[in-house]
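Student: When I checked TrEMBL for this same protein, it listed these features:
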DOMAIN    109-247  domain 'Fatty acid hydroxylase'
TRANSMEM  74-92  transmembrane segment
TRANSMEM  99-118  transmembrane segment
TRANSMEM  174-198  transmembrane segment
């Protein structure tokens, strides 16, 4: 049985001690003020601070500017609405260039598998990179630290479409360097489809109440990463690459035996 978002706030009152202010050794973060340009001052204390989560649905304010604040907030349904038509379009390019539907299906499947590896690699080596300088802390907070500090912030769970569009440009150019003109669009479509499934799955694991066994396991697996063992369990849509690379979190029973 999983707790609702409101249930988290009730069941973990200790996490809300210091809601108005979280104190580091040399700097105090005021949670009533925009956070982005504060967190860099935490220095070496930043990593400890972001891993003391505030588990409530209300997200913090990032910027004083309403314009920049707006750009940091994305509703989950914007991701499939914007990107699934793009997936269909690039797949149609491969079809017009002569690929058969079975060929496109195989390339898309390979693209999805490629995405799962990217998902794992980015999460492990970029999103969880340790920082301590002002600008490195600030950049990391915008990229992923905010999600660990406020894991139930529903408007900052999916990647902003503007940022995704910017990243697709070099990816498109890279695929054209390593693949044929016919296969590159299908490969991009597979990777992009994998990304869409990742983002909507990630949102569901935080805000849904799954009853199907696979998603119940994934929710437990991901919340374990947030609240118990944050340096393990980097996979979101599956534990495949955690198994391959040895970052599968141990069970509580196994830890008791040690």
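From the backbone N, Cα and C atoms, a Cβ is placed for every residue, glycine too.
What does the local environment look like for each feature on the list?
Tutor: According to DSSP, the secondary structure content of the domain 'Fatty acid hydroxylase' (109-247) in residues is 102 helix, 0 strand, 37 coil.
Packing against the transmembrane segment (99-118) from elsewhere in the chain are residues 91, 182-183, 186-195, 197-198, 235, 237-238, 240-241: each is 6 or more residues past its ends and has a CB under 8 Å from a CB in it.
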Student: Do any residues, 6 or more residues outside the transmembrane segment (174-198), come within under 8 Å Cβ-to-Cβ of it, and if so which ones?
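Tutor: That would be 79-80, 83-84, 86-88, 90-91, 93-94, 97-99, 103-104, 107-116, 118-119, 159, 164, 168, 236-237.
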